[in-house]
Amino acid sequence: MSFNSFGRVFRFSTWGESHGPAIGAVVDGCPPGLELSEADIQPWLDKRRPGTSRFTTQRQEPDQVRILSGVFEGRTTGTPISLMIDNVDQRSKDYSEVALAYRPGHADYAYDAKYGFRDHRGGGRSSARETASRVAAGAVARLVIPEVRIRAYLIELGGDRIDPAAFDDAAIDENPFFCPDRAAAARWEAIVDDARKAGSSVGAVVECVAEGVPAGWGAPLYAKLDSELAAACMSINAVKGVEIGDGFAAARLTGETNADPMRPGNDGKPVFLANHAGGIAGGIATGQPVVVRIALKPTSSILTPVETIGRDGKAADIRTKGRHDPCVGIRAAPVLEAMVALVLADQKLLHRAQIG
């Protein structure tokens, strides 16, 4: 199974399965001399960690990271950084039905069609458990781009959207939904509770804003910054759509409305009067905040019986036992931050290599 790596200069690979002994990442291309310890990584993993509220999977994983290589006397050496996270709370017996029949909407059938063999326990490599490795790698990436502030939050859950006028950055860390609208967060409690009680699930939309990205990062045509971000975002489990800036809404605007007018600033740089483009033009950063949005489908593993087929090709019904997120989008916020950080760290080093 190939394609477990991402990036060009700042590159990372993830490894491990949901119910294997451990998962992890190897970060290659990190500059030497950066201060790095487990304490720099753990807070980001704690944001994604399961079992922290009734609104996420009740799988209890401490997600304690260990640095196995690439760091000496508290600093990166420039060699590959190996990160490992033990799996301690697997219940593989809950997946006995999944071994024989495919979960509609999940990767079960597609993996079998391609490889003819799969690890059915918790979804194996296709499980969202893999994203913990990305978050660990993303924490290293943040050290490469200290000038950039990255913040992700949910703007929609189960079809219910936040009120932009009620946006409060301080509220994001006050609720289990990473929601910037306190009233929406209160409504979402009932939406997720109802979905869980019904044995169902709901989707979500997560937005991420990266501030401090310098003008010039990125590239034209086939290596656009927005195409790199889109590829990174689409690699996240359950993501079915990506928008940059206004995204699909831009198709409903006129040229005058969609333009991002500029005025001269006191420092010789432009002052933008709007940011419909999401901080990227021609594949290159403009210096404005980079805005990315992802849409996540409802979790495929549900208790409600669903029509499917077995590995033998015969008709079957399946209801997925085990512990699953009623909304996988909730814990996607720190994962999206990590993927944006990984792309931007790579872009910074690429820009330095190209321009000096």
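Note that Cβ sites are derived from N, Cα and C of the backbone, with glycine treated the same way.
Sequence-distant neighbours of Arg48 (NADP(+) binding site): residues of the same chain at least 6 apart with a C-beta under 8 Å from its C-beta are Asp63, Thr131, Ala132, Val135, Arg331, Pro334, Val335. Swiss-Prot lists Arg48, Arg54 with the feature NADP(+) binding site, giving sequence analysis as the kind of evidence.
Swiss-Prot lists Arg125, Ser126, Ser127, Asn237, Ala238, Gly282, Lys297, Pro298, Thr299, Ser300, Ser301, Arg323 with the feature FMN binding site. In sequence order, Gly105, Gly203, Ala238, Lys240 make up the list of same-chain residues 6 or more apart from Lys297 (FMN binding site) whose Cβ falls under 8 Å from its Cβ.
Highest Cβ count within 10 Å among the binding-site residues Arg54, Arg125: Arg125. With the fewest other Cβ atoms inside 10 Å of its Cβ, the least crowded of the binding-site residues Ser127, Ser301 in this structure is Ser127.
For the pair Ser127 (FMN binding site) and Arg54 (NADP(+) binding site), the C-alpha distance works out to 20 angstrom.
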